[in-house]
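Enquirer: Pasting a structure below so you can have a look.
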Amino acid sequence: MMLQAGTATASLILRDYAGHLTHGVVVLAGTGNNGGDAYVVAAQLARAGVRVRVHAIDAPRTDDARRAASLLTTTLSAGNGPRHAPLVETVDDSHALLPDQARLVIDGLLGTGQHGPLRDAVRQACDVIHRLQQRGALVMALDVPTGLDASTGELADGAVRAECTACYGTLKRGLLMQRAHAGRVVLLDIGLGLHAEVSSQADPDTWCWYDATAVAAQVPAIAWDAHKGRRGRVLVAGGEMGMAGAAVYAARAALLAGAGVVHALVDTQSVPAVQALCAAALAHRWPALDNTSPHTSAAHALTPVGTMRPDIAVDAVAVGPGLGRSRRAGQLLQHVVARHRTVPMVLDADALWHAADAAQTLGIDAATVLSHWTRDMMGARAQGDAAVVCTPHPGEFARLTGAPLPTSWQARADLLQQFATRAGVTMLLKGTPTLVASPGVSHVSVVPHGTALLATGGSGDCLTGMIGTLLAQGLPAHEAAVVGATVHGRAAELATARAGAVRGTTLEDLLGALPEVWHTIGAVPVRAPYVLAELPGL
């Protein structure tokens, strides 16, 4: 497999990074099998006519690595064999490592077996890589960048920050946790096929990643003769005065996800904005509320007055976009949850704030509050499906749990799974990557897609609307969360690619990319035969 891995990597370099090969390639090799991969890459590049210079921190220590080093020795012409020169520390000396200003460096120092701090020789080699990067060299890591723990995602001091990582066998969990250090991730075929699992030496069955084809298989089909009622009816509740945009974005994203009807229940002052900016949505105003008494019951205070008729049916509810944190908004939330207990629901943003606030007021945990709110929904859905999706960002999740978010990704995933089980809801924790956990689902799903475009006010509202539509179309909660987050992230990648950078893009670009992503999510991309999957660089 080492020969196949190195050959596939060399083919990737020759295809995608040919412009960086004019002045040769520098290869840094460790003593283990990752170094062996580096030797094979160097040998195959040399066979293709590329000038290669190899620097090893020491002699190979595994049988496979020694065989790979021998292959390189016999491949390279006389005088161009591997140079076991000491790696130097100064910028001037590191210049000597670049044959005629080479612009590609291969990091083959450490692979999946690395844990903890880097030893001195490896750290010194990483320092050289950093200095070469500062001089304009591009770095490709083999399997994982040196200094990145493949299982936990933890970074050692001095870890390599690669522009591209050629990954072998399965995607390593650490690559998904540290996308900024992994860069573009290309999963290469080494004879094992494509695996949905995210590899982890510690706990290989805990996490699961879905490629685009697997995600596409979950997207509900829309029949050619479907009427609007069969395409899903979604209620978006929120849009307090001054925050109409959140409800508008949620409604627009719900429509773009294929909803047949979208109702927007918003504050009276927000109705004109909804009608102007999302004319396809049916706008309804919040009911008149009695705020004169702190003891007014929610059932009495929220009796509809000129708002949605009680006989209007919906298939899913999305509560929270622009809801606000006022007492009146909290009463509306209680009303919507109580009235629509038998349909699936997305709780986002201020809806989660109110859940945490209620927990603090009552002296109980937020999981108990959510469980109480949604307990009747469990009977209305398939066993094992939470029927409710909560979509907190890290700050909101920390408030729900009452504790800081763990820095360890494994601890974070464990906490998310525990909270989801106690609350009886699907939890989608936004981030890079996004994690999804559900009661009755043994694994935590990883959604690695997205760019910094999603770090924009309103992007979460779009996700809420999309998940609402998927729930309305009958998708179980866990799958709806994974599909919604995947499409959301890929739309950000497409919008960013169209613009050439995140700067200059807005949520309009994100929404504009959604139709193409929905259309192509199941398309099999045209890839080289040695490429199984790919994640773009951030």
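Cβ atoms are placed via backbone N, Cα and C, with glycine included.
Because TrEMBL annotations are produced automatically, they should be read as predictions rather than curated entries.
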Enquirer: Quick check on the annotation: TrEMBL has G322, H393, D461 binding (6S)-NADPHX, so which of A246, A251, A253, A533 does it put in that site too?
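Expert: As annotated by TrEMBL, G322, H393, D461 share the (6S)-NADPHX site with A246, chosen from A246, A251, A253, A533.
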Enquirer: If TrEMBL gives K430, G431, T432, P433, T434 as binding AMP, which of G457, G458, G460 does it give for that site as well?
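Expert: Site partner of K430, G431, T432, P433, T434 for AMP, according to TrEMBL: G460.
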Enquirer: Do me a favour and check the Cα-Cα span between T434 (AMP binding site) and H393 ((6S)-NADPHX binding site); whole Å is fine.
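Expert: For T434 (AMP binding site) versus H393 ((6S)-NADPHX binding site), the Cα atoms are 9 Å apart.
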Enquirer: Among the binding-site residues T432, T434, which residue has its Cβ surrounded by the fewest other Cβ atoms within 10 Å?
Expert: T432
Enquirer: Spatially speaking, which of the binding-site residues A246, G322, H393, D461 is closest to G431 (AMP binding site)? Use C-alpha to C-alpha, please.
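Expert: Spatially nearest to G431 (AMP binding site) by Cα position is H393.
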Enquirer: Where the distance is taken from Cα to Cα, which of the binding-site residues K430, T432, P433, G460 turns out closest to G322 ((6S)-NADPHX binding site)?
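Expert: Comparing Cα positions, the closest of these binding-site residues turns out to be G460.
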Enquirer: Give me the sequence-ordered set of same-chain residues, not including K430, G431, T432, P433, T434, G460, with a C-beta within 8 angstroms of the centroid of the AMP site's C-beta atoms.
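Expert: Checked against the 8 Å cutoff, the neighbours are H393, L429, L435, V447, G450, L454, A485.
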Enquirer: Which are the residues of the chain, A246, G322, H393, D461 excluded, whose CB is within 8 A of where the CB atoms of the (6S)-NADPHX site average out, their centroid?
Expert: G238, M243, Y249, A250, G320, P321, D348, A349, D350, G457, G458, G460, T464
